[in-house]
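Before any comments, here is the structure.
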Amino acid sequence: MSPTTTTILMSSLATGTIITASSHHWLMAWVGLEMNTLAIIPMISKQHHPRATEAATKYFLTQAAASATILFSSTTNAWQTGTWDIINMTSPTANMLLTVALAMKLGLAPMHFWLPEVLQGSTIKTALIITTWQKLAPMTLIFMTSNTLPTTALLTMAMISTLLGGWAGLNQTQTRKIMAYSSIAHLGWMAAITTIMPNLLMLNLVLYLSMTTSMFYMLILLNSKNIKDMATSPTTSPTATTIAMLTLLSLGGLPPLTGFMPKWLIIEELTTQNFTTTATILALSALLSLFFYLRLSYSSTITLAPNTTTTKHKWRFKPTINTALLTTTLPTSLLMLPITPMIC
C-alpha cells in the first residue's frame, strides 16, 4: 500500500473517531462510525488473500448492520421524543436497540463472532487498530449514553463476555485469536461498570488500550503469530520476550502489575452496589483468562536462558516498531498499580 493511500486511510480513521466523539446529533455520530468502517476495510483486505477478503467482508457486514441499528434506534427515539440529541435517549426500546448495536460494534458477546475471525484474517498491525482505535468511537457513545442504557442487559453481556473470552481463549494457538478473546473479556469488564461508574469505565478503557498496544507491539517485534513462534522468540530477543511475558501477565490482571487495578476497582464497586453475583462471576472468569495468559508467557520463557544467540531478528523477517509509542505504553501497562489509592 502506497504512503499516500495509507495517509488517507489513517486520516479518515482519525477523522471518523473525532466526528463521533465530538457530535451531539445522532446523524453526525453515524457518519463518523461509517467513516471508520470504510477506512479500515482496505487496510484489512490489502494482503490480496482469500482470508483477508473474507475478514474484510465479515467486518463490513457486521459494522454496517450495527450502524443501521444505531440509526434505527436514534430514529425511534426521535419519533417518540422529538429530539436527535445523543444524551436524550429516553425511549426504552431505542436504548435496548442502541445497546445491542454498540455491543455488535465492539464485539461484546453474544455479538462477538466476527472479532476472532476478522483479527485472524488481518495483519498484526491491522489487528492492533481494530482492537484499540476502533473501540474509541463506540465507547464514546456508550459513555455519553451511560445514564440511560439498560443496566441488566449490560451486566448480562458483561458476564457472558468475560466467561466466553476466558473459556474460548483456552484452546487457541494463534496469538491474534488469543488477543481477540482477550479483547472480548476486557470489554465485558467495561460493560459491567458502564451504568454504575462511567469514570471507572474510562480508566479501564485507557489501561486496556495501553496494555493491548504494548502486547501487539511486542508481537510485531518478536514476529510471533502463534504459540510456537513465542516459544522460539527467547533465542532471538530475551529482553523483549521478558517484557512480553510481563505485559501478558498485566493483561491477565495479576498483581502487582497494572492490569490488576481496573479489575480490583470494578469488583469493589460492584460489591458496594450489591451486584455480588456479577462480581463473583467476573472474578472467576478472570482466572480462565489468566490461565491462557500464563500458558502463553510460560511457553515464551521456558527456553529463555540456555539457548540465546547473537541473532538480532528471525531469519528473513526484519521487525519495524514505533519505539516512542512503545516506551509510552509499556510503563503504563506495567507500573501503574501503586497509584490505585489516589484514584480511590
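We number each residue from 1, going along the chain as drawn.
Each residue, glycine too, has its Cβ placed from N, Cα and C.
Copied from TrEMBL, the annotated features are:
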type     : residues : note
DOMAIN   : 23-287   : domain 'NADH:quinone oxidoreductase/Mrp antiporter transmembrane'
DOMAIN   : 290-343  : domain 'NADH dehydrogenase subunit 2 C-terminal'
TRANSMEM : 94-115   : transmembrane segment
TRANSMEM : 152-171  : transmembrane segment
TRANSMEM : 178-197  : transmembrane segment
TRANSMEM : 203-223  : transmembrane segment
TRANSMEM : 235-255  : transmembrane segment
TRANSMEM : 275-294  : transmembrane segment
Per-region confidence, the domain 'NADH dehydrogenase subunit 2 C-terminal' (290-343) (mean pLDDT, whole number): 65
Interface present between the transmembrane segment (235-255) and the transmembrane segment (94-115) (three or more C-beta pairs under 8 A): no
Leading stretch by Cβ pairs under 8 Å, where the reference is the transmembrane segment (203-223) and the options are 152-171, 178-197, 235-255: 235-255
